[in-house]
Amino acid sequence: MTDRNELIGVAIRVVAAAAVSFLSVRYLVKYLDPNYSVNEESKKKVAQLFHELGIDRQIELSEHEIRIATQFVGGEDVGADWDEIGGCEELVAELKDRIILPLRFASQSGSHLLSPPRGILLYGPPGCGKTLLAKAVARAAGCRFINLQVSNLTDKWYGESQKLAAAVFSVAQKFQPTIIFIDEIDSFLRDRQSHDHESTAMMKAQFMTLWDGFSSSGDQIIVMGATNRPRDVDAAILRRMTARFQVPVPNAKQRSQILNVILRNEKINNTVNLGEIAQAAEGLSGSDLKEVCRLALLARAKATVASGGSVNQLLPLEQSDFESAVHKYMRAAHLLVEETLD
C-alpha cells in the first residue's frame, strides 16, 4: 500500500510539474516574443476579413503571411464600380483593354503575349482618383486586393522585413488572382542611394527579386502603384511597371461629369447648372470637387437649422450654394499657395 501511495504521489508531482512547465513556457513565449500581440491581433483581423470575403480559412498561413493578409481590402471597401468614377472614360476604356481583358484571357490562351502586365503605374496630381481606379480594376477583374501599407513591412528585428516582403508575394500567390496596390510608391521604391539604410536596401532588393520571379511564372499577380512624383520612382521599378497611365487634373467637361457622380443621390434644384459650376472650379481635382459639394450641403444644413428646421428637411441645393462653396474653397487654396510662396 505504501509503495502504491508513493507511486501515486510521484505521478501527481510529475503531472503538476508538467502542467507548471507548460504554463511557464506558454507565458514565456508570450512575453518574450516581441511580435506576440501583433500576431494575435492579426489573426483576429484576418479571420474577420476572410469571413467577409468568403476566403477559405483552411489555407495555412505563416505568422508573416497573416500580418500581410490583414491588408486585404474587404467589406464596403472591396472595390468601386466604373460608374462611380466620373470624367475618365478614355482612361477607363484603356484600363479595360490592357488589364481586364488580358486577365480574362489568361486562363483561356496559351500565349504569354495575352497575359496582363505584371506592373502598372498610375501617376498624376493628388486627389484625381488613382486609388479608386485601382479598386475598380480589382473589382472588374475579380481580383483580391491587397492595399499594402509599407510601414507594415518594416521591423526592428534583423531579417524580419525581408520575410514580410516575401510574405506579400506568397499571400498573393495563395489567393490569386491578386492585385498588390502600393499608394505613394515613390516613398517606398524611390531611387536607391548609397546612404540608404542596409535593412531598407535589402528589403527593396528582396521585393524586386520576388517580383521578377512571379513575373516569369504563370501566376496572376499584378503590382499596381500610384504616385504624384513618378520621376522619384526607382528606374528599376519603372522598368517592371510596363503599363503606365496618367491620371490628369480633370478639364471642365470632366469636372461636370464628376459633379454629376458626386451629387447623383442629393436633392438639387432643377435650375442648378453643373456646367457653370465646373467652369468656375478651374484646376480642382475630384477630391476637391467632393469637398466643394460638402461645403455647399453643410452651408444649406446650417441655414436650415438656424431658421428652426431639421437636417432631415433640407431644401434642394441651389446654384448660389455651389457658387459660394467654390469661392470659399478657391480662396482657401489661393491663400495656401501664397503662404507656400512666402
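Cβ atoms are placed via backbone N, Cα and C, with glycine included.
According to Swiss-Prot, the topological domain 'Mitochondrial intermembrane' annotation covers 1-6, on the basis of sequence analysis. Here Swiss-Prot flags 7-25 as transmembrane segment, drawing on sequence analysis. If you look up Swiss-Prot, you'll see 26-342 marked as topological domain 'Cytoplasmic'. What Swiss-Prot records for Gly124, Pro125, Pro126, Gly127, Cys128, Gly129, Lys130, Thr131 is ATP binding site.
Recorded features from Swiss-Prot, shown on the structure.
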residue: Gly124; record: ATP binding site; Cβ neighbours (10 Å): 20
residue: Pro125; record: ATP binding site; Cβ neighbours (10 Å): 13
residue: Pro126; record: ATP binding site; Cβ neighbours (10 Å): 13
residue: Gly127; record: ATP binding site; Cβ neighbours (10 Å): 18
residue: Cys128; record: ATP binding site; Cβ neighbours (10 Å): 26
residue: Gly129; record: ATP binding site; Cβ neighbours (10 Å): 25
residue: Lys130; record: ATP binding site; Cβ neighbours (10 Å): 24
residue: Thr131; record: ATP binding site; Cβ neighbours (10 Å): 16
Coarse DSSP state, helix versus strand versus coil, of Cys128 (ATP binding site): coil
Model confidence over the topological domain 'Cytoplasmic' (26-342) (mean pLDDT, whole number): 80
